Amino acid sequence: MRLIPLKSASQVGLWSARYIVDRINGFKPTADRPFVLGLPTGGTPLNTYKRLIELHKAGEVSFEHVATFNMDEYVGLPEDHPESYHSFMHNNFFCHIDIRPENINILNGNAEDLVAECKRYEDKIKSYGKINLFMGGVGNDGHIAFNEPASSLSSRTRVKTLTEDTRIANSRFFGGDMEQVPKLALTVGVGTLMDAEEIMILVTGHGKAQALQAAVEGSVNHMWTISTLQLHPKGMMVCDEPSTMELKVKTVRYFQQLEAANIGRL
């Protein structure tokens, strides 16, 4: 597993955006052979989306032949609700780039049959062959997407009950009122993520330090679903300095030396 230790959250956004642009351009996507990109929501990727929009407007990348799959969506929120992940993605990314609407894939949390919706999503991913690059974030408790602690490490897209910790953390988007935060969500599974050709996880802030430590220095453990990244042949974590505070000094130095050339590209 790769670890890219940077100074700030801003640098994490810039580095990850440039990495995505390089992967898309290197792939040379076409209408018949699109680049398939997995995407998260939340506060952490906002810097990345901002930088991707800037790079797109500067003419450095086109999303015309990029297909996207989002990680998750709340159950029961209307798509046009300001805190739905449909709204988040359109407001913070999709409406600013040249992606084709038919290439955007987000789970439908209002489907009549949620189990069937999850199967449909898995089948749609398989129809593309695989996700080329899945970008994600991590929760304070180490969850990826909505794969909460004790999730199966081979899980597929499914309905999940959100933990109280996750609902408290997300209540900041609902005016601080946890009762407004949905109790259920649809989420890709850990196994779904692991099927991607490459996974890039963004980690920023001291609040994520324990999760980063568990992912990098701990053992693979279903209580820290992020730790599964250790088993991926092309897993990578891009982090800022505050998030590394629980790592051993020698661990950080090791990756600083190992990734010096890549870090220097900023």
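Please read every residue number as a count from 1 along the shown chain.
Using the three backbone atoms N, Cα and C, a Cβ is placed for every residue, glycine included.
Marked as active site, proton acceptor by Swiss-Prot on the basis of sequence analysis: Asp72 (among others). Counting every protein chain shown, 23 other Cβ atoms lie within 10 Å of the Cβ of Asp72 (active site, proton acceptor).
Long-range Cβ contacts of Asp141 (active site, for ring-opening step) within its own chain (separation 6+, distance under 8 Å): Glu148, Pro149, Thr163, Asp165, Thr166, Ala211, Trp224. Residues or ranges marked as active site, for ring-opening step by Swiss-Prot: Asp141 (among others).
Residues or ranges marked as active site, proton acceptor by Swiss-Prot on the basis of sequence analysis: His143 (among others). DSSP assigns His143 (active site, proton acceptor) to coil in the three-state reduction, placing it in neither a helix nor a strand.
What Swiss-Prot lists as active site, for ring-opening step is Glu148 (among others).
Here Swiss-Prot flags Ser151 (among others) as site 'Part of the allosteric site', drawing on sequence analysis. Look at Ser151 (site 'Part of the allosteric site'): DSSP puts it in coil.
Residues annotated as site 'Part of the allosteric site' in Swiss-Prot: Arg158 (among others). In three-state terms derived from DSSP, Arg158 (site 'Part of the allosteric site') belongs to an extended strand segment. Taking the Cβ of Arg158 (site 'Part of the allosteric site') as centre and 10 Å as the limit, one finds 21 other Cβ atoms among all the protein chains shown.
A C-beta separation below 8 Å, combined with a sequence spacing of at least six in one chain, links Lys160 (site 'Part of the allosteric site') to Phe146, Asn147, Glu148, Ser151, Leu184, Ala185, Leu186, Thr187. According to Swiss-Prot, the site 'Part of the allosteric site' annotation covers Lys160 (among others), on the basis of sequence analysis.
Among the features that Swiss-Prot reports, site 'Part of the allosteric site' is placed at Thr161 (among others). Thr161 (site 'Part of the allosteric site') has a Cβ environment of 12 other Cβ atoms inside 10 Å.
Residue density at Tyr254 (site 'Part of the allosteric site'): 14 other Cβ atoms are found within 10 A of its Cβ, drawing on all protein chains shown. Sequence annotations record features per position, and here Swiss-Prot assigns site 'Part of the allosteric site' to Tyr254 (among others) based on sequence analysis.
By a simple count of nearby Cβ atoms, those within 10 Å, the most crowded of the recorded positions His143, Glu148, Ser151 is His143. Put simply, Arg158 (site 'Part of the allosteric site') is 10 Å from Asp72 (active site, proton acceptor) when counted between their Cα atoms.
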